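Take a look at the structure set out below.
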Amino acid sequence: MPKLAVVLLVLLILPLSYFDAAGGQAVQWDRRGNGLARYLQRGDRDVRECQVDTPGSSWGKCCMTRMCGTMCCSRSVCTCVYHWRRGHGCSCPG
């Protein structure tokens, strides 16, 4: 089997439904139901600590720290500030 066919087959078999960006998890809908709800039910994740940027949707980002715009700050103690011409960003002490 040619290498290109193998690569395409692998990409079809292993869809990337989860990815990690800026310290948070983005989860999209899959055929089995609400992907965000399923993500929160795995392991010891506490739904109460999750800040979702798209409430009521089956796609969203879950921040276990502080949310700033559409991104998650690296720590809970960070604050969200607006930088002129650069937009919102996290300001973390120390």
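Every residue gets a Cβ built from N, Cα and C, even glycine.
CYS78 is paired in Swiss-Prot with CYS92, the candidate among CYS62, CYS63, CYS92 named as its disulfide partner.
Between CYS80 and the candidates CYS68, CYS72, CYS73, Swiss-Prot annotates a single disulfide bond, the one to CYS68.
Note: Swiss-Prot links CYS72 through a disulfide bond to CYS63 (candidates: CYS62, CYS63). For the recorded site, CYS63 (disulfide bond), the DSSP three-state label reads strand.
When the CA atoms are compared, the disulfide-bonded residues lying within 10 A of CYS92 (disulfide bond) are CYS73, out of the candidates CYS63, CYS68, CYS72, CYS73.
When the disulfide-bonded residues CYS63, CYS68, CYS72, CYS90 are compared by Cα distance to CYS78 (disulfide bond), the shortest distance belongs to CYS90. Taking the disulfide-bonded residues CYS72, CYS78, CYS80 in turn, the residue surrounded by the fewest other Cβ atoms inside 10 Å of its Cβ turns out to be CYS80. In the three-state DSSP scheme, CYS90 (disulfide bond) falls into the strand class.
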